[in-house]
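Colleague: Before anything else, here's the structure in question.
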Amino acid sequence: MASEMEPEVQAIDRSLLECSAEEIAGRWLQATDLNREVYQHLAHCVPKIYCRGPNPFPQKEDTLAQHILLGPMEWYICAEDPALGFPKLEQANKPSHLCGRVFKVGEPTYSCRDCAVDPTCVLCMECFLGSIHRDHRYRMTTSGGGGFCDCGDTEAWKEGPYCQKHKLSSSEVVEEEDPLVHLSEDVIARTYNIFAIMFRYAVDILTWEKESELPEDLEVAEKSDTYYCMLFNDEVHTYEQVIYTLQKAVNCTQKEAIGFATTVDRDGRRSVRYGDFQYCDQAKTVIVRNTSRQTKPLKVQVMHSSVAAHQNFGLKALSWLGSVIGYSDGLRRILCQVGLQEGPDGENSSLVDRLMLNDSKLWKGARSVYHQLFMSSLLMDLKYKKLFALRFAKNYRQLQRDFMEDDHERAVSVTALSVQFFTAPTLARMLLTEENLMTVIIKAFMDHLKHRDAQGRFQFERYTALQAFKFRRVQSLILDLKYVLISKPTEWSDELRQKFLQGFDAFLELLKCMQGMDPITRQVGQHIEMEPEWEAAFTLQMKLTHVISMVQDWCALDEKVLIEAYKKCLAVLTQCHGGFTDGEQPITLSICGHSVETIRYCVSQEKVSIHLPISRLLAGLHVLLSKSEVAYKFPELLPLSELSPPMLIEHPLRCLVLCAQVHAGMWRRNGFSLVNQIYYYHNVKCRREMFDKDIVMLQTGVSMMDPNHFLMIMLSRFELYQLFSTPDYGKRFSSEVTHKDVVQQNNTLIEEMLYLIIMLVGERFNPGVGQVAATDEIKREIIHQLSIKPMAHSELVKSLPEDENKETGMESVIESVAHFKKPGLTGRGMYELKPECAKEFNLYFYHFSRAEQSKAEEAQRKLKRENKEDTALPPPALPPFCPLFASLVNILQCDVMLYIMGTILQWAVEHHGSAWSESMLQRVLHLIGMALQEEKHHLENAVEGHVQTFTFTQKISKPGDAPHNSPSILAMLETLQNAPSLEAHKDMIRWLLKMFNAIKKIRECSSSSPVAEAEGTIMEESSRDKDKAERKRKAEIARLRREKIMAQMSEMQRHFIDENKELFQQTLELDTSASATLDSSPPVSDAALTALGPAQTQVPEPRQFVTCILCQEEQEVTVGSRAMVLAAFVQRSTVLSKDRTKTIADPEKYDPLFMHPDLSCGTHTGSCGHVMHAHCWQRYFDSVQAKEQRRQQRLRLHTSYDVENGEFLCPLCECLSNTVIPLLLPPRSILSRRLNFSDQPDLAQWTRAVTQQIKVVQMLRRKHNAADTSSSEDTEAMNIIPIPEGFRPDFYPRNPYSDSIKEMLTTFGTAAYKVGLKVHPNEGDPRVPILCWGTCAYTIQSIERILSDEEKPVFGPLPCRLDDCLRSLTRFAAAHWTVALLPVVQGHFCKLFASLVPSDSYEDLPCILDIDMFHLLVGLVLAFPALQCQDFSGSSLATGDLHIFHLVTMAHIVQILLTSCTEENGMDQENPTGEEELAILSLHKTLHQYTGSALKEAPSGWHLWRSVRAAIMPFLKCSALFFHYLNGVPAPPDLQVSGTSHFEHLCNYLSLPTNLIHLFQENSDIMNSLIESWCQNSEVKRYLNGERGAISYPRGANKLIDLPEDYSSLINQASNFSCPKSGGDKSRAPTLCLVCGSLLCSQSYCCQAELEGEDVGACTAHTYSCGSGAGIFLRVRECQVLFLAGKTKGCFYSPPYLDDYGETDQGLRRGNPLHLCQERFRKIQKLWQQHSITEEIGHAQEANQTLVGIDWQHL
């Protein structure tokens, strides 16, 4: 379709390109009706530029639009070339002091916790780095897009409003200056004309609702029949639904559908079909039909191409206006005037109003363009920002109504702009007074919560997804209210007072609808059938919590406002209570001669609600009366006399009784909804305005009434009145065993009631209740949290309530109460309580949950025991109450309280079974302690001549009256002190008696109080000494008893050993043999340990016994026994790679014989080291497979291992494995038990002999191949080559291994082949042996690299599993040839050998520069026995090993010299003196000669020798490890310690001369010709001529990329990253590969790629190209490390970035500055280098099953 249209498009382009912007502008300047001229031009040109075919060409369209449409407008404004005109305007303009940078999605933003007026005040990175705030306590987050930098806004910052860039110069003063003075009259007029026309054009066309025709002045005569089927975005349908629908409707591929869906999601709309009307309408019908089943259908329009064209240009015009006003503030001012100018239709007819009111009808892309324009124009001009704010506030209710009906998120709604006005203090105040904004917002909120019950309270429907969606929208209004209140007024005008109080009235109306909502009644008999709705009410409460606090803060700032608010709140509360007492029968309660009237009400029978916001608001205001002293200054203005304390306490008391009854198990049948409500009532998010305020309200009530009356009402509400008012109730109950659970219930209720009294008296750390500061309250919270256990900063912050600015106030006080302990490698930094703060611990702290209370008690008692103190936890000394609450303390000494205490102590003394509990007693003791503390405080602060009214000690000393004559409380305490059953409370009772004596002494002789104190102490001391002596005696008895038992046990043990001597003898023998294998240090002299060659140190192989982890049977490892195997994991690896871009095009044809030195991809084998019988493992694996098949039929989930790929978990440690390695004895000692003659050939002789043998082998193979097609000539040619003496090519050695071992050799070989080449298993493939040798070599190289990086010695102590793995792997690789075809292995040897010793048989061998010498060495050494087994000439295998090693070493030295860098070094010596230096120079000269002088001149010999030594070290270390594990020769002690250079020791161990060049000199006869053949290779010449590259040595270590120290640099880098597939769109999930540094767009459809026929995410695809299937990524927006392996495995890992408190911040929720922790990054790097990523993922997925369910392949 496109190709047919191309010529037409081109033709149009040409006709348009002839237009001249200058000419058009000239015509316009002459025109009388500019409006008509411009519209005609647009009508003619726009449809010819935009929407010309099925696919948009944005670049082409924009170029044409600029040239033909926007260019003339720019010429018109400037009346000259805009390239000259605009710079002039820019020059005349005064730069703005506002930054105004609009944030991109994911860009870092910074807020200063010290200076920002509220958390919405943010800086961009550039301004932040140039501001004073970088040294303050700042918070860092990533922007969701939209919003702008507040730098330069003096209202946003308490100090430092400007950064370096936007700073005012000393001469400037901030003043409102008219920006138009910088423009000439003409420019103003022209700009005004063109802005008015273009802004109106854009608004008209974007709000145009007809799909097939244009506005009159834009219509053209001829109209084509070209339409678009335009699909619009909504937030209801998922990506999958849209993709599926499009595939059906417009018959496109999935990939195209994904492209459409991505664009629709990003821009808000996309044409999905282009053609005539009918063709497009057909698609629309299908889309609507397919998406209307469950929800409302997707919005689709069939739109004429010219309408679409004009709308596209409308958006372009708005963007253009935004960019043009950037040249001058004057232009910005003109645009603002145009936008806000009332149109002919009066109210709401300005262009800005029209856009705002049509917001919900516009698509996403259009909205974001005009929002962006508003931000860069109206919000950047302070004068017009105010006018815009007024328009916004006027339309507020309508905008919110539209938003409720809108199906887009708030981020793309115009209502989200509220934050820009409402948080600016002067604007917020102006809107509050002029537009009554507070009332408007609350009324708008109430508009949307229509459902009410009969009492007018909110009633929420069941919380469905739709309900939650709508309710979320409504909550945004609360956020707006919060914004308005966030900055408190510093001065009040009458108008502000009046409007705030009007708002307060509206707020009370809102709270009134919440007072008593969601009432509940106790279920009796059967469980509740349907959980009642509770979430919505609590969500509302949570959202309003800060608003309620802020309203109180506002009230506190002005005395008149506070008094009025208090009156209003009280009036509303009285209204709410009006209906409750009607028709209730009053009842009279009396105890101890006191009586009170109250209503008959049972919490357990009537309705009760946990929502009492009006009562709680009044409690808050009452505290403010005390705190601000208004209550004492203007008592006549307050309605304090009207207060009815019983009314005030009624509802809060019911609420607290409800909690007590729930705890006592009385509401079990009411289900989880009630449990959840109680939880949130106490939770840190809600408690400040719920539970805490209920306590305050009760404290208010108690302080205003007779405490006896209060306690009686309380007993009545707790339903305990009967129990305490009836004598002998306890005795009666204990005798009636049937009522066990009722007794238990009553006990709990008594405990809860006592706890409540403790709280009422003890909780006075609220400024206004007690004489304390706000910081004392926070300190106390922290002390009690840390008395449970040491805590991390984030835990501590979570346990403290936040204010509206997300601040807890913790940082200001934490230093005074806690020490900070820095974190280790994994943990977090911890705060520990300072010892001196422990005395402030209160066991009954009101914010403890039950679990926290018991933990804290245990921790504090343990601490006291450790400090050798008694374990009592007495109540701490408390600050005095404020005068308004002072009478509260009398509750402790009133008659009813003393009666309750006495009764409970009486029960404890008489010990009536279950009618009392220790917990109850503990609380009573605590209350007595509190009363004693209070009296002591009163006495110590007594004023002369002032009568002491608090006389608790006197009252507890008096016995009860007749007829009961009960003992005094004091007497009962003394009795209880000796009760054996109350051991746990003895210390506390002792403390109380001591306290009592001290007070008595103070009262007796107030003049000599110190003496009295001292006497009390002496008494106490003597009793304590007695106690100590008693404890000591008991401890001594226990010690003697322990010793006696131990002696008996050892005697029995000895006796048993004597009886079973033979058994023990055997065990000891086995032990020694086992330890010998473990120790690997047989009795060999250290003098000269040699690992290989004829002089190899002979070590007797100890017997090896191992135990199968599955059947626990022990077995010796022998050649003929059943195979024992290690669980192993084989994986492809690029950890050592120097070129990750290489890929194998066709694995089936690839020849892996020669490994390139860039090690582009190797095969690594790891093992956990656990041993099994091969048959046990097979059985285990079969059962895993069967289980997996059954599981797959049941559930379609992944497991952490992939059975189809042979994976399983080690049965013991659950380590991921995919094969097993057989355990073998050293293969060399088994396979070469042949007589060897003493005189072994030298290198030249050996090379000649091997070359001859190779020729014979090749000849025989050719003969074999040619047998079928033999000709006489061939046969003759073959007979010419004589067979060397002693060589028997027809001999095939017998395989010494048992069938079981042979099977395992094949199993592991096939696994290495399958994984290494990514092919299907085929045990007969000739490449299997190559991959076995390759994985052995690569694994050794990996280990050597790790050891070198960590600067550890090559034979230092290796972890057991690693040691076992390397030993088994090397022995396996050496034995594998026995199960391969002999000719195949011989063929590999011949080819490998030919790469060093040239042969005519092979043409295409790699040059010496393209071979990794260690892989070559391993291949040659391990393939050599296949040739040597047919050699009976007496030449030994050891000799062969040595010659191969020497040959490869020399080749490696030549390789090093050819590729070494030859810069001069400053420390070069003038004349070479050393033997090595002369030798190396001579060798270099030889190379120079053979390369035809292409090799650069040598620097000094010293430099050359030094670089060769350094370069060959990795090869020598790898060789040492290889031969050590191959031949079992222990390592010399020198190689087991670090520090020295091991070069000489390695040479000795490996039978090398320390001067390596001797090798060349000793074998010069053969080496010269070999060197010549190596150097003559054309590739070597190309390299030396600079035509190609080569790897130089030593190869540098691969490390993960360098990360920036400050995390925000990373966020900034990622925010600039555009999704590569979405045309410059910012990526939503930028993810950084830590291996290569690539930034990827993860977790989104746009960047999915196809991998092996499956669609996978960008990260998964990248792991295959970069890490051979394993990857490490950092998800930048989440600050989270992601490990991926294969397509189905992954896990999240702790990131290496920590905040100042040593904690990570995954998800960037806390926003503390993050810095790179090198240790943690090194740990991740080590996991990568050790190939442990897959293992780490396996363990993580086993530990956390939710990880298994994640679709990792889509990341």
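A Cβ is built for glycine as well, from the same backbone N, Cα and C atoms used for every other residue.
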Colleague: Scan 132-153, 1012-1033, 1694-1715 against Swiss-Prot and say which stretch is down as region 'Disordered'.
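Modeller: Of 132-153, 1012-1033, 1694-1715, Swiss-Prot gives region 'Disordered' for 1012-1033.
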Colleague: Do you see any of the recorded positions HIS133, HIS136, LYS255, LYS568, LYS1496, LYS1689 whose C-alpha is within 10 Å of CYS163 (Zn(2+) 3 binding site), and which ones?
Modeller: HIS133
Colleague: When you average the Cβ positions of PHE148, ASP150, ASP153 for the peptide site, which other residues in that chain have a Cβ within 8 Å of that mean position?
Modeller: LEU98, CYS99, GLY100, CYS121, VAL122, CYS149, CYS151, GLY152, ALA156
Colleague: Taking the recorded Zn(2+) 3 site as CYS127, CYS151, CYS163, HIS166, identify the other residues of that chain whose CB atom sits within 8 Å of the mean position of the site's CB atoms, giving them in sequence order.
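Modeller: What remains near the Cβ centre is CYS99, LEU123, CYS124, GLU126, PHE128, GLY130, SER131, CYS149, GLY152, TYR162, GLN164, LYS165, LYS167.
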Colleague: Looking at the binding-site residues CYS112, CYS127, PHE148, ASP153, HIS166, whose Cα is closest in space to that of LYS779 (ubiquitin cross-link)?
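Modeller: The smallest Cα gap between LYS779 (ubiquitin cross-link) and any of the binding-site residues is with CYS112.
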Colleague: Between the Cα atoms of PHE148 (peptide binding site) and HIS133 (Zn(2+) 2 binding site), find the distance and write it as a whole number of Å.
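Modeller: It is 17 Å, counting Cα to Cα.
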Colleague: Determine, to the nearest whole angstrom, how far the Cα atom of HIS166 (Zn(2+) 3 binding site) is from the Cα atom of CYS112 (Zn(2+) 2 binding site).
Modeller: 18
Colleague: Looking only at the zinc finger (97-168), what are its DSSP counts of helix, strand and coil residues?
Modeller: 9 helix, 20 strand, 43 coil
Colleague: Report the same-chain neighbours of LYS158 (ubiquitin cross-link): residues 6+ apart in sequence with Cβ closer than 8 Å to its Cβ, ordered by sequence.
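Modeller: Spatial neighbours, sequence-distant, of LYS158 (ubiquitin cross-link): ASP114, CYS115, ALA116, VAL117.
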Colleague: For the recorded Zn(2+) 2 site formed by CYS112, CYS115, HIS133, HIS136, name the remaining residues of the chain with Cβ within 8 Å of the site's Cβ center, in chain order.
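Modeller: Other same-chain residues with Cβ inside the cutoff are SER111, ARG113, ASP114, ALA116, SER131, ILE132, ARG137, TYR138, TRP157, GLU159, GLY160.
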Colleague: Looking only at Cβ atoms, how many others are within 10 Å of the one on ASP153 (peptide binding site)?
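Modeller: Result for ASP153 (peptide binding site): 20 other Cβ atoms within 10 Å.
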Colleague: Compared by Cα position, which of the recorded sites LYS470, LYS488, LYS1599 is the closest one to LYS165 (ubiquitin cross-link)?
Modeller: LYS488
Colleague: What is the Cβ neighbour count of LYS779 (ubiquitin cross-link) at a 10 Å cut-off, with all protein chains included?
Modeller: 23
Colleague: To see if you understand the setup: which same-chain residues, six or more apart in sequence, place their Cβ under 8 Å from that of LYS488 (ubiquitin cross-link)?
Modeller: MET550, ASP553, TRP554, LEU557
Colleague: Around LYS1689 (ubiquitin cross-link), how many other C-beta atoms are within 10 angstroms of its C-beta?
Modeller: 28
